[in-house]
Amino acid sequence: RQGIGEPSVYHAVVVIFLEFFAWGLLTTPMLTVLHQTFPQHTFLMNGLIHGVKGLLSFLSAPLIGALSDVWGRKSFLLLTVFFTCAPIPLMKISPWWYFAVISMSGVFAVTFSVIFAYVADITQEHERSTAYGLVSATFAASLVTSPAIGAYLSQAYGDTLVVVLASGVALLDIGFILLAVPESLPEEMRPVSWGAPISWEQADPFASLRKVGQDSTVLLICITVFLSYLPEAGQYSSFFLYLRQVIGFSSETVAAFIGVVGILSILAQTIVLGILMRSIGNKNTILLGLGFQILQLAWYGFGSQPWMMWAAGAVAAMSSITFPAISAMVSRNADPDQQGVVQGMITGIRGLCNGLGPALYGFVFYLFHVELNEMAEVETLGKAPKPNMANPTDESSIIPGPPFLFGACSVLLSLLVALFIPEHNLVLRSGSHKKHSNGAQTHSPQAGGSDGKEPLLEDSSV
């Protein structure tokens with residue numbers, strides 16, 4: 001067996017940590033390069049770049065998962081990490097090529113899907129939840145620490161050093177996979193022949209979406225996920241840029257903001273979530289999380305001062321309990337052989353949002369003329385106010401962040417839909433087996449084989 005020792009969760013943890021640590025280091029340089037490359041329509045171009053990447057990931061994730069079932073996990077770990085990290089050195093070589101390759105890298109930017117399949121190969125079912133939690137915590141830890149380190153090095157030594165360091169970390173990750181990570185999928189678990197046919201239905205990204213209408217409860221859950229995750233995906237792609245160049249945060253303050261909100265989110269998803277689930281129940285926890293998300297987005301939308309962003313960030317940490325609570329509701333109420341079906345649907349919805357959300361946010365920023373043309377002057381003068389609020393009659397003086405208010409309205413609709421989700425006797429229980437025997441039941445073997453989909457939902461429930 002190639003690699004060091006037997007395959008373990010710790011191999012997966014190291015791969016995830018190094019990949020996202022490398023990208024976290026680039027938080028500060030990337031904001032600068034983005035504005036320098038697209039000075040006129042920064043938010044619009046940022047949204048389009050992340051939108052193309054997200055949509056390509058949504059389309060390719062099922063296929064890569066199916067191929068990894070045939071050829072093993074290690075080769076696809078190597079492939080996904082290599083192409084995900086390939087744009088990093090281009091940041092200083094050619095910014096235009098950097099953003100172009102980022103967009104196209106979405107085809108392979110599905111490392112998490114392969115990592116979760118790797119973990120599923122080597123853990124028992126009762127161990128899997130803890131293993132996913134460890135991987136998730138490692139991902140959060142890498143993003144909590146690396147932006148602050150990157151911001152410090154960028155200020156002290158320049159962006160070039162940060163890009164070189166990030167490239168070195170990415171190469172270390174690739175080398176670790178090549179030399180240290182053993183294959184997790186035993187030969188006897190793969191198809192007999194290397195040329196065995198692939199289930200194209202399993203590799204179809206729209207297959208799970210077509211199943212949504214088969215049950216009213218699944219439909220309600222998927223609509224809730226779509227309406228609440230769409231603004232979250234858009235916010236993630238543009239919010240740090242918004243803080244840096246519109247609100248007036250320094251690169252060090254952005255890094256500190258990421259760290260503080262990340263730590264609070266980890267606490268919310270572990271300690272606070274457990275208390276809420278025991279005290280007010282599963283469905284009420286979902287509703288509470290959606291309520292926090294509405295407050296957070298509205299505060300971002302109307303907030304014009306740095307302290308408002310910090311306060312809203314604390315609320316954002318509490319809103320992170322929504323998806324773990326939805327995950328727990330599905331996993332507790334669905335039969336074991338049916339969980340992959342429902343989880344695959346929800347994961348497909350989230351993948352779709354990862355493409356649509358950033359593009360939507362960029363387009364709304366563009367419609368409301370939130371641009372950054374005077375950023376350099378503001379930085380030179382050391383001023384914090386937003387450049388486009390110099391004129392009191394500007395609409396942005398009333399609504400500084402229009403996309404966040406659009407997001408708040410979307411989550412409000414999600415909350416109204418979630419009110420109708422039954423907390424008990426959810427979909428695919430034994431009592432409703434006959435109802436689904438011709439629908440979801442026929443797909444359960446494929447759902448079990450699509451390990452890359454299942455853990456994404458279960459990971460949030462830890």
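Cβ coordinates come from backbone N, Cα and C, glycine included.
Taken verbatim from TrEMBL:
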DOMAIN    8-425  domain 'Major facilitator superfamily (MFS) profile'
TRANSMEM  12-31  transmembrane segment
TRANSMEM  43-64  transmembrane segment
TRANSMEM  76-91  transmembrane segment
TRANSMEM  97-119  transmembrane segment
TRANSMEM  131-154  transmembrane segment
TRANSMEM  160-181  transmembrane segment
TRANSMEM  218-242  transmembrane segment
TRANSMEM  254-277  transmembrane segment
TRANSMEM  284-302  transmembrane segment
TRANSMEM  308-330  transmembrane segment
TRANSMEM  351-368  transmembrane segment
TRANSMEM  404-421  transmembrane segment
REGION    432-462  region 'Disordered'
COMPBIAS  438-447  compositional bias 'Polar residues'
Determine which residues of the chain contact the transmembrane segment (254-277) at the Cβ level, with the cut-off under 8 Å and only residues 6 or more beyond its ends counted.
27-28, 31, 137, 140, 143-145, 147-148, 150-152, 240, 243-244, 284-285, 288, 309-310, 313-314, 316-318, 320-321, 324-325, 328, 460, 462
Folded-back contacts onto the transmembrane segment (12-31), same chain, C-beta under 8 angstroms, at least six residues removed:
77, 81, 84-85, 88, 91, 111-112, 115, 118-119, 134-135, 138-139, 141-143, 145-147, 149-151, 153-154, 159, 162-163, 165-167, 169-170, 172-173, 176-177, 180-181, 240-241, 244-245, 251, 254-255, 258
Of the listed stretches 97-119, 308-330, 351-368, 404-421, which one has the most C-beta pairs under 8 A with the transmembrane segment (284-302)?
308-330
Of the listed stretches 160-181, 308-330, 404-421, which one has the most C-beta pairs under 8 A with the transmembrane segment (351-368)?
404-421
Check the transmembrane segment (131-154) against each of 43-64, 76-91, 97-119 and return whichever range has the most CB pairs under 8 Å.
97-119
